[in-house]
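**Student:** Sending over a structure as structure tokens; questions will come in a sec.
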């Protein structure tokens, strides 16, 4: 039997025994390295989602694209663990044709589908931030219906594209004995379309939106320099764009090889293994990058860190040890009256050699001491 079989041409009979789900020793060794990375990534993602569970400050509508992106990471991890179990425990004959076809299509298509929607999720996040920065509008409140339609479009259009390519036989699912199921493109037009809409177009649009953000911030900063001031909002916007640009560069370097290799290679090879390894490394790093991308995550991490340090070392909310307080009570002058500002300052030990005057409502002058430092 040949090493690769077109899935649609498989003829199953009840007497036929297929053990193709079991990985070969070489494939098992290469996938074991990916397994270690996925275990580490699962731990990191679990800690991240615990933070989301216990910190209400990071459960905001404006963070929906970040969470949608991280959910795709979790689905990719679930996909790998599921297929790893299937390929390492399937020692019996596979007699069920439906189960066999499901596993092959699940393995061949889901990885590229999830990686494709990730790039469009980041594009939607970038466009929303552009609207907030340039037009000063809260899109998560003003354009709820558009956001819902955008979510549905991002998730549904790639599925329709795969169905069309499979129906017109532009794409075939092949099973490699001792390895995994993969796709093979039989039409150059399908490869060109996938590269354009799954890689080039969203990346170019992301770069264009980032450039528009930077141009707007640069023009507003020049205006602020002429007015000799730079607002906190402009500084925050500038930092936001720089952080997203740094994240996007790291993500692109680790994510893009897997997408490109998927379009031009089929089956197991050193190139596909390296591309897959980089993709899972990117998944493991995503929580750290996302946390650095939004200041609310940083604040919640600091808050949790201070809380645990205070609980462990018995410190107060301000980070200092709780000590017995010795107070110098300010007594009343009698008849429900409190001492004047001068007497209060004397009780606090401030020297009284300087005073300043403040006008009162009755055009009187009230003298208050100024502490000498």
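Glycine too: its Cβ is placed from the backbone N, Cα and C atoms.
Note: TrEMBL annotation is automatic and uncurated.
Annotation source TrEMBL lists domain 'G-protein coupled receptors family 1 profile' at 44-290. Annotation source TrEMBL lists transmembrane segment at 34-54, 66-87, 146-168, 188-215, 236-254, 274-293.
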**Student:** Among 34-54, 66-87, 236-254, which stretch has the most Cβ pairs under 8 Å to the transmembrane segment (274-293)?
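**Tutor:** Ranked by Cβ pairs under 8 Å, first place goes to 34-54.
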**Student:** On average, what pLDDT score does this prediction assign to the domain 'G-protein coupled receptors family 1 profile' (44-290)?
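**Tutor:** Its mean pLDDT is 86.
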